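What TrEMBL says about this one:
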COILED    61-105  coiled coil
DOMAIN    318-438  domain 'MotA/TolQ/ExbB proton channel'
SIGNAL    1-21  signal peptide
TRANSMEM  274-295  transmembrane segment
TRANSMEM  363-382  transmembrane segment
TRANSMEM  402-421  transmembrane segment
Amino acid sequence: MIKVVRYLVVGLALLSLNINADEVQENKPKNIASLEALLQAVKQDGLRQQEVNQQRERRFLENRNEQRTALRQAKAKLEQVRQETKTLKSQFDSNEGELAELEQELKQRLGNLGEMFGVVRQVSQDVAAIRENSIVAVEIGQNDPVLERLATSKALPDIPELESLWYQLQLHITKQSEAKIISADYVDAQGVKQTGSVAHVGPFIALNENGFLSFDAETGLLLELGKQPSGASTAIDYFAGDAEESVIDPTRGTLLQLGSQSPNVLERVNQGGYIGYVILALAFSGILYAAYLLLLRIQIKSRVDAQLANTDEVRDDNPLGRVLSVYQQHKDESDLESLEMTLDEAVLKELPELERGLSLIKLLAAVAPLLGLLGTVTGMIATFQSITLFGTGDPKLMAGGISQALITTVLGLVAAIPLLFMHNFLNTRSKEVIQVLDQQAAGLIAQKVQSK
């Protein structure tokens, strides 16, 4: 009895482990009336589970057979591909050897013709490139089908093509050697396309009644320069027939572009900013004041020379006359030392008028380069600020500060140099008059001593 119960417990455990969800759904719980019925139920479930396991095993064996079949087919396909690869490789090696033989045969047959083919192709490419970017393209066109075909062809050129190449070379040489007036399209300074008379001097320059024209290779049109470089007046006269010579651009456009972009004097001054304006104001003021002082010195010197020529007639409109007047007033004094001191005092009274303005001119000459240095420092500060904000990738962002730094330095030197020369000249003129006064005062004292 105990064994039976033990078998029942084991059967129930196996039943609980093997029953799946589908089986539980299909086999609803049944009322088991006795232990014998329970035993039969366990037995039936065991048989059912055994049948399920056998079905699973059969399916696994069937799948294994299918996989073996697929593996055999894949191996057969791989072997077939390997055989095809060997065949193709053998054919490739054979074709490569045949190609090498054909290339060698082609080289032998070509001989010098191969070199000629390379020369023709290279010359065609060079001429096409030169023609595309040349001013003469306005007259003969930028592109030519013969040159384009020869430049890209992989076949040997025939005789008509070689003759066409020779003709294009001769045409290009002829047009480059001409200087004449043609009718061509151009874009004026306002951006409007016009048609009119244009003169070209070979491939170097093109011009019309308004000045130089530049050639734009992208559009194939001539462009009027918005700002004409130096020499434009000569070119305009040449175009009008008033001159037999004209300036040319040997770089074929580069110098014209640089010349049109070069700032004039006023634009250079504007680059100096406010400091540059201050320097110029001081320079002009100093030069005008120095010119005024120079006129005074010339007038004083002429009056002194006139007084020196006639010392008997004393006049008060010049320093020498005033010194002589003092001498006339004190010449009867017996004390020579007192008379000498009186004349020295009279000479000293004339010094302020003779040296007037010299210190101001000297000050302006010293301040101008200092202001230029200030502009240099300010410009470099602006440059470093641009570098801090935008980096060094675009030099144009730093050009403003550098221009200010350089222009203010130049303006300071330009202002200081003439002021220094004028200060030295005025000082020399003043010393000449002072020397005359000293000489005359000493001569009067000597004359007084001799009279005693």
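Glycine residues also receive a Cβ, built from the backbone N, Cα and C atoms like all the rest.
Because the structure is a prediction, the values reported are computed rather than measured.
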Same-chain residues at least 6 beyond the ends of the transmembrane segment (274-295) with a Cβ under 8 Å from one of its Cβ atoms are 356-358, 360-361, 364-365, 367-368, 371-372, 374-375, 378, 404, 407-408, 411-412, 414-415, 418-419, 422-423, 425-426, 429
With helix taken as DSSP H, G or I, strand as E or B and everything else coil, how many residues of the domain 'MotA/TolQ/ExbB proton channel' (318-438) land in each class?
107 helix, 0 strand, 14 coil
Stretch-averaged pLDDT - the coiled coil (61-105)
84
